[in-house]
Amino acid sequence: MVGLQDHFFIASPGDSVESLPEHGGTNKIGAAFETPSGRRLINPKDYMDIISSTRPNLWASLADEVPAWVTEKRNRLSIDRTLKWLDDCLSLDQEKGASTLGAVVGGPNIEHRKKCATEVSMRNVSGFYLGGFGLGESIEERSALLNAVTNILPEEKIRFVSRLGLPEEVLQGVAAGIDLFDSTYIYHLTLGGFALVFPLDILGEAPEALLRNSSNDYTKINLHATIYRKDTSPIVDKCSCYTCQNHTRAYLNHLLNVHEMLAQILLEIHNTHHYLGFFRSIRRALKQEKFELFRERFMESRRVHLMEAVPYS
Amino acid sequence: MALQFEVVGRFNRARASKLTLPHYVVQTPMFMPVGTQGTIKGLTNSQLEDIGCQIILGNTYHLALRPGAELIDELGGLHKFMNWKRGLLTDSGGFQMVSLLHLADITEEGVTFQSPVDGKPMLLTPEESIQIQNKIGADIIMALDDVVRTTITGPRIEEAMYRTLRWMDRCIAAHKRPDAQNLFGIVQGGLDPVLRDICVRGLVERNLPGYAIGGLAGGEDKDSFWRVVAQCTAALPEDKPRYVMGVGYPLDIVVCSALGADMYDCVYPTRTARFGTALVPEGVLKLKHNAMASDERPIDSTCSCMVCKNYTRAYIHSLVTRDAMGSQLLSYHNLSYMMRLSKDLHMSIVEGRFPEYVRGFLRTQFPKGDVPQWVCNAMEVAGIDISSCCAPVPV
């Protein structure tokens with residue numbers, strides 16, 4: 001229907017842009033989501049109707065995703081519901097779990113997370129959706145929770161998490177054993193007129209060169225800024241995306257100023273390309289068994305511009 | 001003069017040509033999409049090339065405001081700024097002034113108006129307009145003319161026509177790049193044949209690279225419209241391109257081409273796309289209609305554009321009310337339709353089957369034979385027999 005027949009398609013109940021889980025509205029009947037047309041409640045049967053019509057390659061089971069600050073009681077309830085809904089979805093699934101990502105919840109409680117992960121692993125699923133992240137918990141507490149779950153999940157099955165978008169968060173997820181990510185990071189960058197410029201070839205450059213190279217010290221640039229009015233360079237030098245191969249920062253600055261749709265189209269092309277390039281770099285580092293080094297160098301390069309801003313005493 | 005105009009086919013008054021411009025070689029009859037601010041709403045250059053666009057319009061008034069003529073010049077001209085490799089045409093900025101700014105005041109000096117940026121009084125003179133257009137660098141630039149709506153009557157029309165001729169001379173004098181940019185004159189004179197005739201002769205005397213017929217497409221009745229076009233095309237030189245400004249609807253383009261016009265521009269295809277309307281051989285298709293929700297056919301089964309090859313009416317229906325991509329896909333299709341129309345006009349003339357093409361076009365648009373009277377009148381003057389398309393008149 002959308003003309004992307006040769007692409008992979010994963011379905012999950014929430015949509016990071018338009019349909020956020022609303023745990024306050026979720027009840028025993030179904031999961032609640034805030035959407036542009038108001039709050040919607042969806043039960044496993046309705047959900048499976050949608051799944052069987054849209055026919056995704058993979059789909060996450062319906063979950064009661066709660067943020068980190070809920071009560072213990074609410075948290076336990078979310079696990080019970082999520083497991084029940086997983087079983088409901090599986091019983092309605094014509095493929096018997098062959099495309100299912102079982103949802104694992106458990107909020108901020110490590111023991112609950114482990115217990116839920118164990119339970120879900122016992123079902124006949126092809127992979128796992130780690131729910132309840134990216135809802136406002138701190139980046140520090142997230143690592144322990146992610147690892148608690150992935151340590152239990154079978155190695156050979158896929159792990160998917162939503163709403164972790166910043167490069168640092170992606171690296172954190174990869175370190176914990178996550179395979180698939182979706183987020184609104186690119187979407188919001190583009191809407192704001194930002195373009196990603198952070199260096200992708202972290203391992204290729206010598207550490208000193210990386211820290212010294214001023215044009216690559218920043219994550220992103222905002223093309224609304226007047227400094228780009230006459231900048232005839234591409235967003236990122238040597239980037240092979242359509243936007244960088246054909247257009248300049250000056251033209252994008254103009255398009256943003258006159259509120260032309262083409263600005264968002266060109267920015268989205270570049271940002272998507274750049275972000276996917278980041279994932280490619282991650283995969284390469286993993287294959288070379290240099291992921292930890294990659295992560296370390298990447299984090300360092302992100303702090304350089306802060307160091308430069310602080311005067312030496 | 002920076003162009004070459006070669007007629008490669010004819011049928012009575014209609015002609016197909018090869019027009020060689022500094023940046024591109026175009027085929028006429030030809031439709032030019034309007035890219036007001038240096039872009040055509042949401043379409044990339046490579047999509048425009050796929051669609052077959054040959055020349056696009058840039059709007060002098062808007063571009064002079066943002067990003068500014070100086071900046072465009074400094075960065076190497078509009079072609080380089082947008083990275084558009086084919087033809088560009090800029091208008092004088094006059095029309096926007098008059099139509100957008102109610103406080104515009106026209107004097108012999110030029111058009112005075114209030115700057116939309118800071119409210120200060122500003123003056124656009126013929127010299128200023130040409131200077132800005134020289135900086136933008138388009139292949140074809142338009143003289144600043146004194147435009148009046150055809151719905152106005154009285155001495156104002158005559159005043160505007162003579163002033164247009166006087167401004168023409170000032171434009172010619174101010175034009176610094178005749179070797180790289182073609183300055184077209186614009187025929188004014190309202191609906192008065194006498195005034196139009198004086199204007200045509202005055203412009204022809206100045207031996208310009210091309211001529212436009214202006215002051216139409218503003219609400220006049222169709223019968224008056226085609227007569228002005230017919231009169232002008234008959235009087236303008238054979239060996240120079242003729243551009244009817246602000247036209248328009250596919251039917252109007254077919255009629256004007258039959259009468260001997262070559263080039264057209266209009267916001268209609270892209271604007272109507274944003275309202276969910278697609279152009280099809282039968283007329284229009286309103287994608288917002290409930291019936292479209294379950295219609296799994298492409299917009300137009302005879303169209304081979306990317307949109308018709310990949311998407312159904314049902315899918316586009318679901319987009320048009322709530323996502324920008326809906327209007328983007330419709331713009332893509334509508335422009336494809338217009339470029340296909342241009343190509344069909346050109347090829348049918350070259351291949352000696354223009355009358356058959358016109359009849360086919362009319363039969364598809366008016367299957368009940370209710371071809372409007374003005375079209376019948378115009379086709380008679382154009383020497384094209386469309387009696388087989390018109391239902392018999394009840395006795």
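The chain as shown is numbered from 1 upward.
The backbone N, Cα and C atoms fix where each Cβ goes, and this holds for glycine too.
The domain 'tRNA-guanine(15) transglycosylase-like' feature in TrEMBL is assigned to B:13-365.
Listed in sequence order, B:V111, B:L124, B:S129, B:L144, B:D145, B:D146, B:V147 are the same-chain residues at least 6 apart in sequence whose CB falls under 8 Å from the CB of B:G94 (substrate binding site). In this structure, B:G94 (substrate binding site) is part of a helix by DSSP. The substrate binding site annotation in TrEMBL covers B:D91, B:S92, B:G93, B:G94, B:F95, B:D145, B:Q188, B:G215.
Per TrEMBL, active site, proton acceptor is recorded for B:D91.
As annotated by TrEMBL, region 'RNA binding' applies to B:246-252 (among others). On the 0 to 100 pLDDT scale, the region 'RNA binding' (B:246-252) averages 94 in this prediction.
A simple way to gauge crowding: the CB of B:D265 (active site, nucleophile) has 23 other CB atoms within 10 angstroms, across all the protein chains here. Annotation source TrEMBL lists active site, nucleophile at B:D265.
Feature annotation from TrEMBL assigns region 'RNA binding' to B:270-274 (among others). Residues 33-34, 40-41, 284, 327, 330-331, 333-335 of the same chain lie 6 or more positions beyond the ends of the region 'RNA binding' (B:270-274) yet place their CB under 8 Å from a CB of it.
Among the features that TrEMBL reports, Zn(2+) binding site is placed at B:C303, B:C305, B:C308, B:H333. Around B:C308 (Zn(2+) binding site), a 10 Å sphere centred on its CB holds 23 further CB atoms from the protein chains shown.
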By DSSP, what is the split of the region 'RNA binding' (B:270-274) into helix, strand and coil residues?
5 helix, 0 strand, 0 coil
For B:C303 (Zn(2+) binding site), the one of B:D91, B:S92, B:F95, B:Q188, B:G215 that lies nearest, given that the binding-site residues are compared by Cα:
B:D91
Widest Cα span across the substrate binders B:D91, B:S92, B:G93, B:G94, B:F95, B:D145, B:Q188, B:G215, in Å?
16
Using the alpha carbons only, what distance in Å do you get between B:C308 (Zn(2+) binding site) and B:G93 (substrate binding site) once rounded?
36
Count up the helix, strand and coil residues in the region 'RNA binding' (B:246-252) according to DSSP, in that order.
3 helix, 0 strand, 4 coil
Spatially closest candidate among B:D265, B:C305, B:H333, the listed recorded positions, to B:G93 (substrate binding site) (Cα to Cα)
B:D265
